[in-house]
């Protein structure tokens, strides 16, 4: 009895345990997010028509410190020969990639009043776009306030965790050709991430499949700090900001001498050297016009054609006055699935992130850029009116760097890669240079954020770099020429109704039309055979009936039989059935073929927006900076390399 009672107890306990487990499992499963949890079903202010396919939200990269990275993904509008994904990062460190999404290369631009317009030049034409706010704490990303990152290897590790989880959520993109692009301080982020991906690909003992990293694009990049620091004064001379041998020049040269000494004392191996950063600060001080009104006293460090208040460009670009309130709207926050753990509103740049991210244990990416060039093509591009990460510094870095068996622009001993003129739609656009897996593009009359000024030109650059050829798709390619020669036919958007999908639809319609004709003929033939058989049977029965009843009812018997068998009704029914069997008649096919076709991507007015023109000075007279978290010198640093 005791054993039986004990056994019964254990059975009861086991049943209870199983029941508890069963009730617990669904809650665990519910915690696992799926694609559907990230799907953006509506976006406030979006243009009329079908919404672009997009996903957005947070992915946890470190549970211990509540570290979550925010992403916003747009599916490509068209596919050329294969699938491609471009991962975009802005700089800072600590500046949101929503700058890229909403002011540069994303499909929408925010207008006054919070409505969105299509960006004629967005990069989602032939590539899926993945914008990520990183490091943690940047933009919509968040982390415990005592857990901000400090070094570039930490950032790369977080990005690898993010990508592993993201590709698990969206496996259909894992085999895409992958490109990583960005600007400014992303010149540090991108090579570190690329190196981590390449190392992962080589370690196939633990990782399931390699990621197809195909190229890197870096605009006005902070790659070689030493070359950039020593380029500030030459750039100022070239652009007439400071006159050589003037008192101003002598004061700046004195600060440059201090910088050179610091570089010789180990600064070449550092990402930031504060004594060298003071060179740019000194030039901005020397070029201030203290007699001008308050909003025009200082040069804009991001676009020297413009002037600003004493923040010297921190209020730029002007679209911030519309982007910031839009991204802080409750309905937008809800649409983008922003977690409730994100306690503060969106800000362009986070001073706390920048203040912690000093990269003291990191080497500048120029140190291993040559190694990357042996495995991955790299494109560097520069707006020629940017001061903070100017083209003079980038060109000095290239000339001083050795990779793939040569130094700088040397193709062979004594032979250098030519600088080729680039024209776009009949206007001088810049120059191209290519050598040993490196491409360098200079954009004329452009700022620190080149896509902000010339989205269509930058997408032409992207499509060339990705070797996109739209000859199999249709559409009207851009008139883009390097040294007078047209390259591959690449799209710049003005063909939403001329894609391969539309052509396939037209071909399918023609095939359906012929099938309908053929099917109609078959149906008619079958019906005629049936009618003939019935008619034969009818005649046989009629003759038989007539012979039996003739002389009794005269001809009335035949008439009554015709009516009684309902042959007239059968003919009418057969005619209706014929039309239904073929689904539609020729007139309906003609109407279908002549009906106007709507683009599958929902772009109704994508081509109406003209390319942005250079802004005048008054355009940039804005209010306070978007970041409320930093002041003084820290405020200057946090967006120093945005």
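Every residue gets a Cβ built from N, Cα and C, even glycine.
Under the heading signal peptide, Swiss-Prot lists 1-30, citing sequence analysis as support.
Averaged over the topological domain 'Lumenal' (31-519), the predicted model has a pLDDT of 92. The topological domain 'Lumenal' annotation in Swiss-Prot covers 31-519.
According to Swiss-Prot, the feature N-linked glycosylation site maps to 120 (among others), an assignment based on sequence analysis. The DSSP secondary structure for residue 120 (N-linked glycosylation site) is coil.
Sequence annotations record features per position, and here Swiss-Prot assigns active site to 184 (among others).
Proximity of residue 386 (active site) to non-local residues of its own chain (separation of 6 or more, Cβ distance below 8 Å) is seen for 220, 302, 303, 304, 446, 447, 448, given in sequence order. The annotation active site is assigned in Swiss-Prot to 386 (among others).
The N-linked glycosylation site feature in Swiss-Prot is assigned to 400 (among others); the stated evidence is sequence analysis. Long-range Cβ neighbours of residue 400 (N-linked glycosylation site) (same chain, at least 6 residues apart, Cβ-Cβ under 8 Å): 224, 227, 408.
Under the heading N-linked glycosylation site, Swiss-Prot lists 437 (among others), citing sequence analysis as support. Secondary structure from DSSP puts residue 437 (N-linked glycosylation site) in coil. A C-beta separation below 8 Å, combined with a sequence spacing of at least six in one chain, links residue 437 (N-linked glycosylation site) to 373, 374, 376, 377, 378, 403, 404.
Secondary structure at residue 445 (N-linked glycosylation site), taken from DSSP and collapsed to helix, strand or coil, is coil. The Cβ neighbour count for residue 445 (N-linked glycosylation site), using a 10 Å radius and every protein chain shown, is 17. Marked as N-linked glycosylation site by Swiss-Prot on the basis of sequence analysis: 445 (among others).
According to Swiss-Prot, the feature active site maps to 448 (among others), an assignment based on sequence analysis. All chains included, 28 other C-beta atoms sit within 10 angstroms of the C-beta of residue 448 (active site).
The region 'Disordered' feature in Swiss-Prot is assigned to 476-500 (among others).
The N-linked glycosylation site annotation in Swiss-Prot covers 497 (among others).
Annotated transmembrane segment per Swiss-Prot: 520-540, in sequence order.
Summarising the annotation, Swiss-Prot assigns topological domain 'Cytoplasmic' to 541-642.
If you look up Swiss-Prot, you'll see 586-642 (among others) marked as region 'Disordered'.
The compositional bias 'Basic and acidic residues' annotation in Swiss-Prot covers 632-642.
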**Request:** Work through the recorded positions one by one (120, 184) and point out the residue whose CB has the fewest other CB atoms within 10 angstroms.
**Result:** 120
